[in-house]
């Protein structure tokens, strides 16, 4: 693995590696629930919401990138919040980040078991535990292992997306794209926000782009463009094929409609997307404990991995509704902390950044408004 990793650890490939890491960390379990959520408002309104939230996400990631570049040392979101906004903000950011991270990792462990079972048979629980062991080893190895895995998995995801498009396109019925469902826009808001979230991986992108930090905006733009095309295409295919009957895990409905080839391709896509996302989230969680709370490496890894595993073993298997809550509420609060940290870092940063976006006062206020209203409506919608 070390020799293989050195092949990829080449300055000429840093841009591709970093872009693959960002794409791989963002394209995860959220994409599987996004078509179902968008089916509640219709394809065109859902696509417009995806465009708007993609633009919002680009601005947010650029702002947080500048925060990391204005600060000496290695930190995660709670660490930056503590440095610029105080100990209480660090605690809040830590708690919401940990709760959200553990919840997402648990859902991914559960989902991966059922997905691999659909492909190969056997016990879903056994497959979940096998996945946890393999991914846990990669997370312990750290960035060097992730660089290789993320690049390969992102390439695999792209190929599978292309094959799904070829297989599903003949089954698309455009009438499924123009039906008029309910107009409850808060349903897709949290799920799309979750599916686009990549803030926590920005410190890792900075680490991968050492000596080329000025190109981080290009990484963010390229990754978000790739993701938007993938998401828009996936929405077109899934809703075009299954329409109002879209299932909560999109690949299941596609497989039922199209046949065995789609079941293999769809579940293969789900397996790869969940794997890349789980690895990156787990690495980010480990880094929080290691860099922001000075845990030794092994203790940081154990703390990051033990809680999701324990909850899984104890029988926590509720898959429904978590995407919207984590996206609309947990990530909304976290993103507000990122924006306020950005403003503070403009004045109190400890190093000169390789790029800057300026004060961004109006844009920041608009984003805070979006996240605040979205969080409130998500909470109200849950009851």
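Glycine residues also receive a Cβ, built from the backbone N, Cα and C atoms like all the rest.
Predicted, not measured: the structure shown is a model, and the values here were computed from it.
The feature transmembrane segment, as given by TrEMBL for the ranges 217-239, 240-262, sits at 217-239. In TrEMBL, the feature transmembrane segment is placed on 186-205, out of the ranges 86-105, 186-205. Counting Cβ pairs under 8 Å to the transmembrane segment (322-342), the stretch among 117-140, 298-316, 362-382 with the most such contacts is 362-382. Cβ atoms under 8 Å from those of the transmembrane segment (186-205) belong to residues 18, 21-22, 25-28, 30-31, 33-34, 37-38, 40-41, 46, 49-50, 53-54, 57, 60-61, 64-65, 68, 74-77, 97, 101, 143, 146, 216, 219, 223-224, 227, 231, 280-281, 283-284, 287, 323-329, 331-332, 334-335, 338, 374, 377-378, 381 of the same chain, restricted to positions at least 6 beyond its ends. Between the transmembrane segment (44-64) and the transmembrane segment (298-316) there are fewer than 3 Cβ pairs closer than 8 Å, counting only residues 6 or more apart in sequence, so the two stretches are not in contact.
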